[in-house]
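Asker: Here's the feature list from Swiss-Prot:
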- 33-53: transmembrane segment (TRANSMEM)
- 77-98: transmembrane segment (TRANSMEM)
- 83, 182: heme b b562 binding site (BINDING)
- 97, 196: heme b b566 binding site (BINDING)
- 113-133: transmembrane segment (TRANSMEM)
- 178-198: transmembrane segment (TRANSMEM)
- 201: ubiquinone binding site (BINDING)
- 226-246: transmembrane segment (TRANSMEM)
- 288-308: transmembrane segment (TRANSMEM)
- 320-340: transmembrane segment (TRANSMEM)
- 347-367: transmembrane segment (TRANSMEM)
């Protein structure tokens, strides 16, 4: 008797992806974040869908509709805070997932890696537009500042900004289109995730040693399904602790004040997960230069496969590169801190040094260290 799981046209796709998939026997907890990102995406889509049922994308009623969700809708407060803090969990998992790829050399699967970078851009765009929707002070001024950056593009900049705004300032038209894009982008992201997985399953997973693991594979189910469920339960635990005990921990108090175009908040800053890029943007005193640095701070990830000069794939057996990698992590934490500080001495100079170090480590120091390590091993 033939097994439906292996013969049914639709079920066999699921089978080859999540059940009978040959997986390396030694992948660590760092490989859990892919499935956790999938879980985050599902949580965000469902909570977002229920929020959209009660939200109105009009400048006059947007702020009130969010208040209405929190006060009058059954468990509306829970859905709203799960969605807001779910975004934070999403980005924590994203950063750890990308960091894992950098550390273990997963970027050598360059189709998978490049689609991952595009996914990162898309999730960042989605999160930015979502932050505008509650129409608080930080929503309005964040949208104004970030969209205004496009005016730095020569010739077409001003026209482009006014086209995105749908007028001469951030207003009703901007809010409506941001809501539309915020709704559609997660579904496009989901489609891209499938392409990401398609390319990953062409090559199979990498593993901590960076060596080919074809000779030692185990089925995904039950080994990694159980492992992923454990990760998922821990993620939900952390998310719910955040939501139920301190839902506003990662938010900005300014966003509890309705948007007012006539009063600028003293410190305009984005959500915590954009602060590292915001710090890089602010560290360059030229508008166009800042915008380019901002874009390249993420786009630089696409260069990783080209900058890999080591004869080994993973950093597991490369102590010098490991050391530099953790300095890079510390640098990104420093940038995140600086992004939330006012533009004054000594924060300006710290931000500039941290930005220079960020690009120097990736473009210059890590490749150089890789060559030194090759020489030390007489390769």
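Just so you know, the numbers here start at 1 and follow the chain as drawn.
Each residue, glycine too, has its Cβ placed from N, Cα and C.
Note that this is a predicted model, so its numbers are computed, not measured.
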Asker: In three-state terms from DSSP, label residue 83 (heme b b562 binding site) for me.
Answerer: helix
Asker: Please report how many Å separate the Cα atom of residue 196 (heme b b566 binding site) from that of residue 83 (heme b b562 binding site), as a whole number.
Answerer: 24
Asker: Work out how many Å separate residue 83 (heme b b562 binding site) and the residue listed as 'ubiquinone binding site' at their Cα atoms, rounded off.
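Answerer: Each residue's Cα considered, residue 83 (heme b b562 binding site) and the residue listed as 'ubiquinone binding site' end up 30 Å apart.
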Asker: Restricting to the same chain and to residues at least six past its boundaries, which positions have a Cβ under 8 Å from a Cβ of the transmembrane segment (33-53)?
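Answerer: Tertiary neighbours of the transmembrane segment (33-53) are 69, 79-80, 82-83, 86-87, 89-90, 93-94, 96-97, 100, 130, 182-183, 186-187, 189-190, 193, 228, 231-232, 235, 239.
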Asker: Which stretch, 77-98, 113-133, 288-308, 320-340, tops the Cβ pairs under 8 Å count with the transmembrane segment (178-198)?
Answerer: 113-133
Asker: Where, among 113-133, 226-246, 320-340, 347-367, do we find the most CB pairs under 8 A to the transmembrane segment (77-98)?
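Answerer: If we count Cβ pairs closer than 8 Å to the transmembrane segment (77-98), 226-246 scores highest.
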Asker: Might you list, by sequence position, any residue in that chain lying six or more from residue 182 (heme b b562 binding site) with a Cβ less than 8 Å away from its Cβ?
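Answerer: The list for residue 182 (heme b b562 binding site) reads 48, 126, 129, 130, 133, given in order along the sequence.
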Asker: Through the lens of DSSP with three states only, how would you label residue 97 (heme b b566 binding site)?
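Answerer: DSSP assigns residue 97 (heme b b566 binding site) to helix.
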Asker: Within 10 Å of the Cβ of residue 97 (heme b b566 binding site), how many other Cβ atoms can be counted across all chains shown?
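Answerer: Taking all protein chains shown, residue 97 (heme b b566 binding site) has 20 Cβ neighbours within 10 Å.
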Asker: Let me check the 10 A CB neighbour count of the residue listed as 'ubiquinone binding site'. How many other CB atoms are there?
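Answerer: I get 14 for this one.
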Asker: Tell me the coarse DSSP state (helix, strand, coil) of residue 196 (heme b b566 binding site).
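Answerer: Reduced to three states, the DSSP call for residue 196 (heme b b566 binding site) is helix.
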